[in-house]
Amino acid sequence: MKEYKTITEISGPLVFAEVDEPVGYDEIVEIETPNGETKRGQILESEEGVVAIQVFEGTTGIDKNASVRFLGETMKMPVTEDLLGRVLDGSGRPIDGGPEIVPEEREDIVGAAINPYSREYPEEFIQTGVSGIDGMNTLVRGQKLPIFSGSGLPHNELALQVARQATVPEEAAEEGEDASEFAVIFGAMGITAEEANEFMEDFEQTGALERSVVFMNLADDPAVERTVTPRMALTTAEYLAFEKGYHVLVILTDITNYCEALREIGAAREEVPGRRGYPGYMYTDLAQLYERAGRIKGREGSVTQIPILTMPGDDDTHPIPDLTGYITEGQIMLDRGLNSQGVEPPIDVLPSLSRLMDDGIGEGLTREDHADVSDQMYAAYAEGEDLRDLVNIVGREALSERDNKYLDFAERFEEEFVDQGYDTNRSIAETLDIGWELLSTLPKTELNRVDEELIEQYYQDTDSEEAEEVAAD
Amino acid sequence: MSQAQEQETVREDGKIRSVSGPVVQAVDLDARMNDVVYVGDEGLMGEVIEIEGDITTIQVYEETSGVGPGEPVMNTGEPLTVDLGPGLLDSIYDGVQRPLDVLESKMDSAFLDRGVDAPGIELDKHWEFTPEVSAGDEVEPGDIVGTVEETVTIDHKVLVPPTFEGGEVTSVESGDFTVEETVVELDNGEEITMRQEWPVREARPSANKKTPREPLVSGQRILDGLFPIAKGGTAAIPGPFGSGKTVTQHSLAKFADADIIVYVGCGERGNEMTEVIDDFPDLEDPSTGNPLMARTSLIANTSNMPVAARESCVYTGITIAEYYRDMGYDVALMADSTSRWAEAMREISSRLEEMPGEEGYPAYLAARLSEFYERAGYFENINDTEGSISAIGAVSPPGGDFSEPVTQNTLRIVKTFWALDADLAERRHFPAINWNESYSLYQSQLDPWFQENVEQDWPEERQWAVDVLDEEGELQEIVQLVGKDALPEDQQLTLEVARYLREGYLQQNAFNPTDMYCPPAKTYAILTAIHKFNDEAFRALEAGVPVDEIADIEAAPRLNRIATQEDWEEYVAELKDTIETQLREKY
Ligand SMILES: Nc1ncnc2c1ncn2[C@@H]1O[C@H](COP(=O)(O)OP(=O)(O)OP(=O)(O)O)[C@@H](O)[C@H]1O
Ligand SMILES: [Mg+2]
């Protein structure tokens, strides 16, 4: 392999070098600094005679005397089932002191798109044990459902709870299993060492590490490396799911750091920036990550994604949550207000959504009343929430009896339905039963989104009379 | 996309000079603008988008990883075309009309590989051709020379290609043929087959555009009832993520009373296309009872597929739509989402370092959008048949802000505006179409149809509903300040009526097997039932019955259940009577 000492320019994460042979776009480059350190990079633009290289580990230490080698192939991830239980750095190299990884295959990390014709529509209910998700925003196998959070909010706790508790009840019952049957791929991008420890400790304590592969790019690791970490993670996930038949849950955190890295590279390339300085192709780039979730016809496994992102300024119209929401199949929204009220997990169900819910729930899947219950609770909670503003102005007394019931409903919904703590694992039946308990505080005639037969079956009459009395005094 | 084009002018091949994502520059290539080229050793499909001196810029429809300078570029000498002929229906294509099912088997993989091409329609399949001309007849470009039963629903008309001269028929075949075999021959030597090609960026010719006067009945209450679109009309459906663009587009594709549906999934989710592929074969077309796929052609360029093909997919779609229009059919085309198409233009434009316009979009954004929507309309075809293309584009504005360029430029062109609203979606008021912001400029020209086919007072009933909803809007502002109980009783009653309009009439659950499709007669019936309640309630109020008692009658909440009744005619008749009885009992 030819070595070049032809670097002409170094700018931010980019290096430009002259070449006398053609180099393929996207291919991998190794750069050896004068003090012997080897850094890896990727071809961003290839012209006759000159290439632009994006360096993953940062350009510190590179000078014009550094030597450049072109490996003649695009970035690959060595994959094998033996990766389970291992901890790797953000570019896929082991950092757990374990044995060297002997790959079964080396897969291109820029995964090819799944042919939409070959997909299988995801519709198997995953019970996370969290009412705010299972009852109102149901997750299914093969879905991509991000957590939209803010800095300082307990998104990690929620993600860990889901990773611990997630099961597919039907299969668990058949096979007599009760533990989670998901393999977990954890891709950390620019998170703090402290956060990383939180995850690692939980994985170790619960024994989850054995069925996990951890990719760690921490806050003080090079930012550009963050652009490969999720691709490494997803390539591993696809291999385990579609070659080895695992049901894989991929947790990616924090997508915001990933996007910052994209922005940095874009700026270094002097590209015309899009909204708020992020590259115009960020939608496409994010889609190439998120769309790697799914199921494939005739294959056993599945890739379910729970990306976590912190919304800058808690603003869901910021390009990072906005573009994400346009690609993912819904979102779980955490709320600062609920968090300070002590609601655990502080899921705000109103702006949350699971688009794959409709096909994943109902008779034979969860329970026949699921859709109606969740629909009605949405409407009732929204109404109660609205009234809160009014109450602040006119006071409770000025409101009708009906309005007061909705206010009570909203309160109990947060305290009893959403607030369950991070250690409570509720079955879907428990979740729906709590739902009925709350709905039964409203008069039957208000439940216009619930089938009349279901009202007959589940509505708890006595409770409602009591509630009426309470509201009356 | 067709492969059978090598016979064209032989042109000189070039070689790659530079590669940057989907944009490749070549030197020494003898090419015209928009020629299709095959790039690199793997022969990736691309299109010429700029020529400057010896440098030709190409947008590549496939991933370019590993492609490097020096590799060859081969010119086909032809623009990007689609294959037109029987077999377009009941199929699913990528953005350059490669059938995705064929790709799956050719690539032997569930993942999309590179450098594999396939014709848009099956070349070796036999179709039964029934001629409609005989030797000695004169035919002109566009004329129908025969038919083929393409699906159970659709008779495919075989047309004289618009590029032919036409002349006297010298020989006619009848029976089973492939799409490449000649079925009709003309005296000037022109040979007509069941397959023709058309360049996607060029509109197929038509004789005349006419004013549309028939609604595209959608089976969606708020659309048919308040904001109807015409057959041959244009509509935009903008909204933030999760507000219901795709669900609405899917409902239209399922239930709109068009003959042909072309559904373009442009830069959106893979699973949404899978859902269509799974659902449509099992769903019945409400007008024929046949499987929906039998009238549908799908184009899927999902968000993770190459961005250049996202730019081309809407053109592929509209060209297929025009072809069926030429046969005299009413075609409805849905594009979800046109914003992704616009962004693809932006991405390519910025790689070309063109001067950016507003928000980085190229200056030609507005022109491209209007060219596209102009290809919709109610047409008199060159063969004297009439056909229509209704175009409905979803728009995905960043941050849900409608002031951005794609929404604004679209609104300047389209005549129907269905504004989705995040607030309504959050409270699960679906479809989350905001009734204050939305409009249809077709309303008055479509009223006569509704009067004739549903009920004479259709416009008056609609106006009544609009007035009540308007009044509610004003009253709500007061309620926000003082609470509902502070309002006079008649206004409280108006709020009650408006609530039934919102919950029983405007809301429609796309997943409820009964409610997902609502024929106009039922739309009208629900409205009149609520109107009946309104009239009886105000009479009771005048007679001194307190508003709480009126609102509490047992029958009222049933207004919200009409939508889900199979036998709604009886239900409405009975409900109107009960409401009358229960209210009149009170005074
Ligand atoms: N008419 C309807 N009936 C019932 N539910 C609906 C309806 N319209 C929308 N929804 C609900 O809203 C969700 C989001 O709708 P949809 O996927 O159409 O949004 P979208 O506007 O296309 O979003 P995006 O821009 O992200 O693609 C659906 O998954 C469904 O739960
Ligand atoms: Mg959508």
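Indices start at 1 and increase along the chain as displayed.
Here the Cβ of each residue, glycine as well, is placed from N, Cα and C on the backbone.
Annotation comment: TrEMBL describes B:17-77 as domain 'ATPase F1/V1/A1 complex alpha/beta subunit N-terminal'.
This prediction places the mean pLDDT of the domain 'ATPsynthase alpha/beta subunit barrel-sandwich' (B:119-201) at 95. What TrEMBL records for B:119-201 is domain 'ATPsynthase alpha/beta subunit barrel-sandwich'.
The feature domain 'ATPase F1/V1/A1 complex alpha/beta subunit nucleotide-binding' is assigned by TrEMBL to B:219-440.
Neighbour density for B:Gly244 (ATP binding site): within 10 A of its CB lie 24 other CB atoms from the protein chains shown. Secondary structure at B:Gly244 (ATP binding site), taken from DSSP and collapsed to helix, strand or coil, is coil. Positions annotated as ATP binding site by TrEMBL: B:Gly239, B:Pro240, B:Phe241, B:Gly242, B:Ser243, B:Gly244, B:Lys245, B:Thr246.
The feature domain 'ATP synthase A/B type C-terminal' is assigned by TrEMBL to B:448-549.
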Anything from the binding-site residues B:Gly239, B:Lys245, B:Thr246 with its Cβ under 6 A from ligand 2? List those in sequence order. B:Lys245, B:Thr246
Which one, B:17-77, B:219-440, B:448-549, has the most C-beta pairs under 8 Å toward the domain 'ATPsynthase alpha/beta subunit barrel-sandwich' (B:119-201)? B:219-440
Have a look at the binding-site residues (B:Ser243, B:Thr246) and report the one with the fewest Cβ neighbours inside 10 Å. B:Thr246
Which one of these binding-site residues has the most other Cβ atoms within 10 Å of its own Cβ: B:Gly239, B:Pro240, B:Gly242? B:Gly239
CB-CB under 8 A to chain A: among binding-site residues B:Phe241, B:Gly242, B:Ser243, B:Gly244, passing residues in order are B:Phe241, B:Gly242
Listed in sequence order, residues not in B:Gly239, B:Pro240, B:Phe241, B:Gly242, B:Ser243, B:Gly244, B:Lys245, B:Thr246 with Cβ within 8 Å of the centre of the ATP site Cβ atoms: B:Ser396, B:Leu420, B:Ala425, B:Ala432
In chain order, residues whose C-beta lies under 8 angstroms from the C-beta of B:Lys245 (ATP binding site), counting only those at least six residues away in the same chain, are B:Ile237, B:Pro238, B:Gly239, B:Asp336, B:Ser337, B:Ala394, B:Val395, B:Ser396, B:Leu420
Consider only the binding-site residues B:Gly239, B:Pro240, B:Ser243, B:Thr246: which of them have a Cβ under 6 Å from an atom of ligand 1? Write none if no residue does. B:Gly239, B:Ser243, B:Thr246
Enter the number of other CB atoms within 10 angstroms of the CB of B:Phe241 (ATP binding site). 24
